[in-house]
Structures are given as structure tokens and as C-alpha cells.
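Peer 1: Here's a structure for you.
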Amino acid sequence: MRVKYFGTDGIRGVFGETLTDELAFKVGKALGEIVGEGRVIVGKDTRVSGDSLEAAISAGLTSMGVDVLLCGVLPTPAVALLTRITRSFGVVISASHNPPEYNGIKVLKGGYKIPDEMEVKIEEKIESGYFPVRSVVGRTKSFREGRDMYIGAVLEIFRDLDLTGEMVSLDLANGATTTTAKEVFEFLGAKVEVFNDSQDGLLINQGCGATHPRFLAEEMKNGKVGFTFDGDGDRVIAVDEERNVVNGDRIIGILAVGLKEEGRLNSDTVVGTVMTNGGLEDFLKERGIKLLRTKVGDKYVLEKMIESGANLGGERSGHIIILDRSTTGDGLITALELMRVLRRSGRNLSDFAKEIPDYPQITKNVRRTERMSLENENLRKIVEESTSRGYRVVIRPSGTEPVVRITVEGKDREEIEKIVEEISRVLES
């Protein structure tokens, strides 16, 4: 069966349109049938629709005899950690970096996003419309101590990191890291300047956060380094002391060098995606580090990491997984690991980042239509000809939006623009 509701990062849509309370209730019942008489940990970001979806999912779960532990506002990686500690299932209600009108449902088990096969199983149960009547009804309970458990775990990981004297600026995207990031940095000794720390559900990701890093670059006043998170806290982008944005590729490059120097980089291998910049690949190759590429999506990065034995991988967007620290992308852990590498080296972030080439790369979204075909002879010729001239072309349907993304990378920006427009015309014709 083709997956109907789940995309590359769970179920996602505009609340009240493609994502409804009715669907959330059914997801809860379907998941509840799989879980049995166990428990599910539920967290959410700050979106207004989060309360409604939380109630609907909880109702579905409890009707199937499952107890629900409500964490309230908590980052996705925090819920993942809690499911790993308790060996249980979890649900995160979040649309990550998307605007406030969107929301989503992510399902976790034992620290990881559930595999495709389990997503299909949930799909099939929803589509069948049949759910057995359970003699036992579950209960919902507050689990606000989950936040403290997560913060405690992060502080234990970085127990030797002393940030005394560091000036750090944080853009919390008015999202889930409002409950964790500032407190952790301050506990480790940093002086913290905070932006966008509201839990008003209408402001999440609005002109701020990891998808708008220029906000922090322009507004930070006191920070020697800045970190900007997305709505659910699984992404992070950095800003250096010269107010330059340091994207996920460059963060991965810095971490790879730091981990290799410590003897912590498994197999001297890093996992990226088809969107990973060629500049990072060249930088790593010069230092004896191999880059493996996979499909876009942190779940696919994780799969390739487990398959290859790598412990570092991620995406340009700031989804970065450090597998000996966390089982999922965790913006806060990534930021702290970067601070640790910088402190050990005694170097500024800008010095490190400038060593990593970032070849010109243009991405354009084209609205996906029913008649649009990626199996197009003219398209194939453009891609082959461009590739033969040293340009890297990636054309892929988005897993979270109804668009096709065209990405072209190379060393001549004007030529890249021409290739992108040529491909756009073919797709739209």
C-alpha cells in the first residue's frame, strides 16, 4: 500500500484542511492498537492548533487502553530521548520549520522515528476504519518532569563543557526550545542574549529561526556566536562573530574535523544528502574523511549512518545527528558540541567556517501539478549536459509541500541561474 498520510517527516498539513482533529483521533486509535496497554509520551511545539491535536490524539490513544503522558511544549529531540529512556512510543505534534498554520504528527519509538513499515501499518488501520473495542480505558497524566529529565541528560553529556565567559545569542523561533535552550547555556556558564522566546502560537518561525538566520545575524548585539533553532528544535544554524551565517554543511565540516582529532569520528565517515554542498565534500576529502550521500530527510540520513556505522551526519538545513550523543537531530546538542570543538581548538567560528568552500547553489520551488512528469526527455538532456560541464543537478518532489525542488550547484552562478530557469520552463510546460 502506498503511504497516504505520512511524508518524509511524519504527517503534516494545514490545520483544519489536510490535517484535522478527526485524522489525529484516528492516528491515536491506530497507534493505540499497535502499542497495546502501554504508554505513549506526547510533546508539542507552541502552535495554537497543538492543544486541539493533542486532545484528539490523546482521546484516540486512551480509547484503546493506552496511558498518555503529556509533556507540554518540548522539542522533538527531547521527546525522542524520553522514549529511549523509557523504552516507549512517543508522539510529537509539530510542523517543524513550517509556518504557524501548519502542524504535524511525528511518531517515535525507543528514541527513533518509526520505520516506513510501521507508518504503512498505521495507514492501513486508519483506512480500514475498524478498531477493536478495548475493555480497559487509558488515562492522561501530566509529565512535565520530562523537560527536567531531558535537560539533566544534556547537562550530563556536556558535564565537562565550561562556557564561563562566553557570550551566546539564541534565536528560539518562538518554538519548543523556549523551554530548554537558554536554561542549559546559562547553567554551563554562558551569558545569553535571547530573541524570539514567545510561546504565542501565532509567531512560531515567523521571520525568525533556522529558516531565517539573517534575523539573528542582523539583530545579535553581544554574542560572540549565535544559534538559531527551528520550531521543534531538531535543526540549528549558527552565526559567527562577524555576523556571517554558518549553514548546516559547514557545521558538519567543523564537527567532523573536531571529532576526528578526538578519535571519535567512526570510520572517518560522514553522511550527507544529495543536497550536501560539493564544497563540504572536497573539504572532507582533503582531510581523509569520506562523505556518503543519501536521500533528503533526516530519517534517511540516520538509516545510512546506522548502515555505515557513521556517528555524524546531517543536512545543510541544520538537521544534524551526532549518534553517540542523540538518536535524532538535536539543535541544542549540536550547538553545544560545536561550542565544545571551538573551546578545545581556541579558534573563532569564522576562522573554521571560512576553510570550508560553499559552492554557489540555487534552489527553486515549482508548484507540483498532476500532469507534471519528471520522466521527461528534454529534462534528461538538460541534466546530462549540465552534469557533463561540472554542474550538480538535483530535481526532487518535496516530502512536506506540494512542490518540486530544483537545485543546481557549480562554480558559475550566472550559468546556474540559466540552468534552473531552463529546467523550470520544462517542468511548467
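Cβ atoms are placed via backbone N, Cα and C, with glycine included.
For reference, Swiss-Prot lists these features for the protein:
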type: ACT_SITE; residues: S96; note: active site, phosphoserine intermediate
type: BINDING; residues: S96, D230, D232, D234; note: Mg(2+) binding site
type: MOD_RES; residues: S96; note: phosphoserine
Peer 1: Please give me the CB contact count at 10 A for D232 (Mg(2+) binding site), counting all chains in the structure.
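Peer 2: If we count other Cβ atoms within 10 Å of D232 (Mg(2+) binding site), we arrive at 36.
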Peer 1: For S96 (active site, phosphoserine intermediate), what is the tally of other C-beta atoms lying within 10 angstroms of its C-beta?
Peer 2: 31
Peer 1: Given D234 (Mg(2+) binding site) and S96 (active site, phosphoserine intermediate), what distance in Å do their CA atoms have, once rounded to a whole number?
Peer 2: 8
Peer 1: List, in sequence order, the residues of the same chain other than S96, D230, D232, D234 whose Cβ lies within 8 Å of the centroid of the Cβ atoms of the recorded Mg(2+) site.
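Peer 2: Other same-chain residues with Cβ inside the cutoff are D45, P75, T76, S94, H97, G175, A176, A210, F229, G231, G233, R235, G329, G331.
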Peer 1: Which whole-number value in Å describes the distance between the Cα atoms of S96 (active site, phosphoserine intermediate) and D230 (Mg(2+) binding site)?
Peer 2: 6
Peer 1: Around D230 (Mg(2+) binding site), which residues of its chain at least 6 apart sit with Cβ under 8 Å of its Cβ?
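Peer 2: For D230 (Mg(2+) binding site), the qualifying residues are S96, H97, A173, G175, N205, G209, A210, T211, V236, G318, G331.
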